[in-house]
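Per TrEMBL, the features are:
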type	residues	note
BINDING	GLU27, GLU62, HIS65, GLU107, GLN141	Fe cation binding site
DOMAIN	10-159	domain 'Ferritin-like diiron'
Amino acid sequence: MPNEQSLTRHHYSPEAEAAVNRQINMELYSSYLYLSMATYFSRSEVSLPHISKWLKAQSDQEREHALMLIQFQTLRGGKVKFEEIKRPEKCEWESALEAFEMALKVERDTNNALLELHGIGETQRDPHLCAFIEEKYLREQVLSIDEIGRFVAILKRAGKGLGEYIFDTKNFQPSEEAVVNETITELSH
């Protein structure tokens, strides 16, 4: 029974299936990396809690991306192949700038992999794969690259120490308007 072909598989190439599995692994690696960064910045001797919270949210988001790909793979009749998740190359950071530069590299690598996956969908004439990648990933990926790129630019100007502290407190605090809107939303429920 485990070696049987899925009854739901239809116009889903082995190349697309393999590429989706690679993307699942990449998303899980990104989640693992962001979690290691979040843990580092939450340490008492580092104590940049808002950066840590933002990185933890990124970790959760990357894991959610992997789960959506797993669901897509299953829906299309593919088999999910869980591979070893590579350990992050670094778990200690010289600065927030260094960590965000790594995050920017990972987001760019992920974007390239998603574009490659989309290209496989085009080559294999798989509009379902192309639409899934376009709708669920590509725009969000560009927005992430932009946001992290802006953080890198700010951190380059701010510097270590007090600059990182100010970056942590100013860039991740909700605006007054956001707090008011959140309060109104909570009260209306």
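In case you wondered, yes, glycine gets a Cβ from its N, Cα and C as well.
Each of MET26, SER30, GLN61, THR110, TYR137, GLU140, SER144 belongs to the same chain as GLU27, GLU62, HIS65, GLU107, GLN141, is absent from that list, and has a C-beta within 8 angstroms of the C-beta centroid marking the Fe cation site.
Break the domain 'Ferritin-like diiron' (10-159) down by DSSP state and the numbers are 116 helix, 0 strand, 34 coil. Every protein chain considered, the tally of other Cβ atoms within 10 Å of the Cβ of GLU27 (Fe cation binding site) stands at 24.
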